[in-house]
Amino acid sequence: MSTDTSAPAPIVERRASAWGYIFAGLCASLVTIGLARFAYTPLLPSLIQAHWFATSDAVYLGAANLMGYLLGAIVGRPLARYLTNAHTLRAMMVLVTVAFFACGYPVSVAWFFVWRLLSGVGGGAVMVLVAATVMPHVPGERRGLAGGALFLGLGLGIAGSGTVIPLLLNLGLSETWIGLGVLSAVLTAATWTAWPSARAHAALAQAHAQTAAPHQPASAEVRMLYTQYAVMAFGIVPTMAFLADFIARGLGAGTHVGALYWILYGVGAIAGPPFYGWLADRLGGALSMRAVMLAQAIFAALLATSGNRFAIGVLAVMIGSFPPGIVPMMLTRVHEVIPANQARQNIVWSRLTIVFAAFQAAAGYLCSSIFNGSGGSHRTLFAIGAAAFFTCVIVDLFGSRLAARTKAIDGR
């Protein structure tokens, strides 16, 4: 008697393809955000100490990537309509790779600003498109975990930059940027053929469109998500941009010790996406998001007041989990608020990314101004971050009550 194994074969094939797509997305987030943005943080003290740029210029150049991220979030979807999602994602990885090589040559502040800006464009476009490209191929019950894996690249970039950059700095500052470019080129080449084909993606999108719920105006819950994500974006910038410099120059521990603390931040960033995604799958997006926002508010407040290096190391791990971890959690929240409508989910996610990018860019320049105006007070910035997270919790509590009241009125 023979056993027919033909039936499950397509399922196995789809699962294998889905994990291949997730790997491609992971590498894209690693190159365009994990390395392009977060590698700058442990490099900041070296850029200043090597006299490539003045302190104020180096700080503002870090914010250039955030401005580019906003531009990328805005142009990502229009580019994808013209080039297809996969071609746009490949192009953004190539753009960021070229930017790394260009940053190896400090021609001028303007030159460096342009390439840091373009690297941010790549990150913003990838953030808008990568989930919309990959997640439709993932089973619904696994999307929180898959989203965590997809954005694991952010955490790997943080931890990897803290590990690799001190080694590359032994060769020189220019060589460090070139080394990052080589790594990005390898990852870009490795994933070149791993993205979903335009035909497969279009067929799946059409299938989802046929079963989609009718379009509805933005609800109170959606508006609350916009507000929360905006304030979160503001809250993560102080530690994300200034933690390594706080250790290296603020506490006088030196560049290499600052890089070690950045590795701890990266350890948290690696654990964040899969853990937050798992938490969202188990507890739901609303409850899990409220819990992590409150926790981050407490952690940031402790960092603003603590002088114990061991405690700061533990806090670095905890705080590091949030920037990449909140992405899959917010994706889960979008799917909860807007069920069974992939097209609408993609639109809301794109707008959320734009809102996040806009407030993150604004926070980058505002924090840079506060830092320079306060004589380099890192703790002031960390206190501002804590206040932002506490604001998120308050918005969530009042917003949830407002949304429930609106639903009750609509149901009458």
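Using the three backbone atoms N, Cα and C, a Cβ is placed for every residue, glycine included.
A quick note: this is a predicted structure, and the numbers were derived from the prediction, not measured.
Here is what TrEMBL says about this protein:
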type: DOMAIN; residues: 22-403; note: domain 'Major facilitator superfamily (MFS) profile'
type: TRANSMEM; residues: 21-40; note: transmembrane segment
type: TRANSMEM; residues: 60-80; note: transmembrane segment
type: TRANSMEM; residues: 92-114; note: transmembrane segment
type: TRANSMEM; residues: 120-138; note: transmembrane segment
type: TRANSMEM; residues: 150-171; note: transmembrane segment
type: TRANSMEM; residues: 177-195; note: transmembrane segment
type: TRANSMEM; residues: 229-248; note: transmembrane segment
type: TRANSMEM; residues: 260-280; note: transmembrane segment
type: TRANSMEM; residues: 287-304; note: transmembrane segment
type: TRANSMEM; residues: 310-331; note: transmembrane segment
type: TRANSMEM; residues: 352-371; note: transmembrane segment
type: TRANSMEM; residues: 383-404; note: transmembrane segment
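Under 8 Å from some Cβ of the transmembrane segment (120-138) lie the Cβ atoms of residues 14, 17-18, 21-22, 24-25, 28-29, 31-33, 36-37, 64-77, 79-80, 85-86, 88-89, 92-93, 95-96, 99, 146-147, 150, 195-196, 200-201, 204-205, 208, 327, 331, 342, 346, 349-350, 353-354, 357, all in the same chain and six or more residues away from its ends. Mean model confidence for the domain 'Major facilitator superfamily (MFS) profile' (22-403) is a pLDDT of 85.
In this chain, the transmembrane segment (260-280) does not touch the transmembrane segment (177-195); fewer than three CB pairs sit within less than 8 A of each other, excluding pairs fewer than 6 residues apart. Taking pairs at least six residues apart, the transmembrane segment (229-248) and the transmembrane segment (287-304) share three or more Cβ pairs below 8 Å and count as touching. With pairs at least 6 apart in sequence, the transmembrane segment (92-114) and the transmembrane segment (310-331) have fewer than 3 Cβ pairs within the 8 Å limit; the two do not touch.
Long-range contacts of the transmembrane segment (92-114) within its own chain (CB-CB distance under 8 A, at least 6 residues past either end) are made by residues 27-28, 31-32, 35-36, 52-53, 57, 61, 64, 72, 121-123, 125-126, 174-178, 180-181, 184-185, 187-188, 191. Each of 60-80, 150-171, 287-304 was scored by its Cβ pairs under 8 Å to the transmembrane segment (260-280), and the highest score goes to 150-171. Same-chain residues lying 6 or more positions outside the transmembrane segment (287-304) and placing a CB less than 8 Å from one of its CB atoms are 228, 232, 235, 238-239, 276, 279-280, 311-312, 315, 318-319, 322, 325-326, 329-330, 333, 379-380, 382-383, 385-386, 389-390, 392-393, 396-397.
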